Every structure is written in C-alpha cells, then in structure tokens.
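K.L.:
Before anything else, here's the structure in question.
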Amino acid sequence: MSQPQYKRILLKLSGEALMGDAAYGISPDVIRRIAHEVAEVSRMGVEIALVIGGGNIFRGAGLAAAGMDRVTADHMGMLATVMNGLALQDALEHEGVYCRVMSAVKINQVCEDYIRRRAIRHLEKGRVVVFAAGTGNPFFTTDSAASLRAIEVGADIMLKGTKVDGVYSADPTRDPDARRYELLTYDQVLEDRLMVMDATAVVLCRDQNMRIMVFDITSPGALVDVITGQRTGTIVERGDEL
C-alpha cells in the first residue's frame with residue numbers, strides 16, 4: 001500500500017452522508033463502511049479527527065425558518081451531532097479502533113468535554129477523535145466547527161467528504177456542462193459563491209492557511225485513496241500557492 005501523504009487530518013462529514021439511500025437516520029451499512037475506512041487509515045499511522053453534521057436527524061435551520069427560536073433549533077442540532085458521533089464511535093470500536101467523542105457542550109455522562117490539549121493528546125496516542133456539538137454556539141455551522149477544530153489541533157488538511165467528487169461550477173446532476181475544478185483559491189470560492197462550505201468556514205481556513213480538499217466519500221475506498229495520494233478531489237488553498 002502507498003504511504004500516507006498526511007500525518008494528521010480532520011475529516012468533515014455531513015449527517016446526510018450517514019443516511020445512505022434512506023430518507024432519515026443512520027444506515028448501518030454506511031456507518032460500518034465509513035468506520036472501516038477510517039480504521040484502515042488509522043492503522044496506517046494517520047491521526048484522525050472528525051466532525052459530523054446532524055442533518056440526518058435534525059436540521060435546526062429548517063425549523064428556525066418555520067418559526068422556531070433559532071438558538072433552540074441550533075441547540076437541538078448540536079445534540080443530533082452527538083448522536084451521530086456516538087454511533088460512529090460504536091462502529092469504530094467494532095473495528096478495534098480506540099475512539100473518543102468530545103462535545104463542545106457539557107454532556108459528561110455521554111462523552112468528554114472538548115479540551116484542546118486533551119484532544120491533541122488523544123490524537124498523539126492513536127485514538128480517533130470525534131468532535132461533536134459543533135462549536136457549542138448557535139448560528140455557527142458544523143463546517144465552521146470543522147474549520148475551527150482543524151486549525152486548533154494542527155491538522156495538515158481538512159477533508160470534506162461529500163456525495164460528489166469535488167467542486168463544480170454548477171450542480172453536476174442538473175447541468176451537464178458543469179465544470180469540475182481541480183484547484184481553487186479561498187477567494188475564488190467566496191467570490192463565485194461556490195458550494196464548498198459556508199463563508200465563515202472558508203474565511204477561517206483562508207486566514208489560517210488551512211487547506212481543504214472536497215472529495216466523494218460515498219465511493220468505496222475513497223478515503224484511503226485520498227490519504228495515499230492515489231485520488232484527489234478539489235483542493236482549496238491560497239492563491240500564491242497555485
């Protein structure tokens with residue numbers, strides 16, 4: 001097997017990535033496959049942190065738009081990410097991988113509080129760390145949480161696993177002429193409003209020079225291929241590096 005290209009990564013997954021073909025919840029087959037691939041990468045010596053969204057269980061923004069208090073809705077969304085984190089922890093432990101779920105909101109009987117130094121120590125010991133409950137603050141997405149945690153723990157790159165193999169100029173499922181980008185700058189993403197992550201997350205990565213790769217997590221073996229450099233998605237980085 002090829003050697004890993006990174007020492008420490010942060011993998012961002014949407015909650016929807018856990019649904020598979022279902023309309024709601026967690027697909028056992030999907031979460032087992034993801035856990036197997038994460039375990040395979042971990043055994044290569046790569047330190048892995050993850051942030052998972054909660055949209056497969058609850059979408060706070062949707063209910064807020066329908067009239068629910070936004071702060072309450074966002075808190076409910078944070079709890080959904082804890083549920084996903086616990087599910088992934090269980091799947092990883094079935095793979096024989098030590099895993100810790102660390103929450104940005106206190107829920108001590110279920111998982112650890114997020115403490116940066118402790119998280120880094122877990123990673124150094126070879127444990128997979130799942131960061132749950134977003135940033136712990138309303139009005140911030142799990143993409144922003146992923147950017148923040150990647151920077152805090154000193155990840156080499158943030159990998160965003162999606163249902164497409166990169167960033168396109170338009171929705172490739174609707175526009176046959178949509179162009180796939182190999183490389184983008186942070187400013188291009190912001191100026192062209194490309195659907196990589198929300199603007200807050202992109203600006204945070206830009207200001208701290210955290211590289212982003214968007215790739216297709218639904219393709220079996222994709223994570224291992226990305227880590228070993230056999231496959232790439234769309235890279236987002238500073239303009240002076242292109």
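Glycine is treated like the rest: Cβ placed from N, Cα and C.
When I checked Swiss-Prot for this same protein, it listed these features:
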BINDING   K12, L13, S14, G15, G55, R59, T162, Y168, D171  ATP binding site
BINDING   G54, D74, T135, G136, N137, P138, F139, F140, T141, T142  UMP binding site
K.L.:
Measuring Cα to Cα, how far is N137 (UMP binding site) from G55 (ATP binding site) in Å?
P.N.:
17
K.L.:
So, three-state DSSP: helix, strand or coil for K12 (ATP binding site)?
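P.N.:
Going by the DSSP assignment, K12 (ATP binding site) falls within a strand, counted as strand.
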K.L.:
Judged by the number of other CB atoms within 10 angstroms, which among G54, G55 is the least packed of the binding-site residues?
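P.N.:
Among the binding-site residues G54, G55, the lowest count of other Cβ atoms within 10 Å belongs to G55.
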K.L.:
Please report how many Å separate the Cα atom of F139 (UMP binding site) from that of K12 (ATP binding site), as a whole number.
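P.N.:
Approximately 18 Å lies between the Cα of F139 (UMP binding site) and that of K12 (ATP binding site).
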K.L.:
A 10 Å Cβ contact count, applied to the binding-site residues K12, F139, T162: which residue has the minimum?
P.N.:
F139
K.L.:
Using DSSP and three states only, what is D171 (ATP binding site)?
P.N.:
coil
K.L.:
Checking your reading of the structure: which of the binding-site residues K12, S14, T162 lie inside a 10 Å Cα sphere centred on G54 (UMP binding site)?
P.N.:
S14
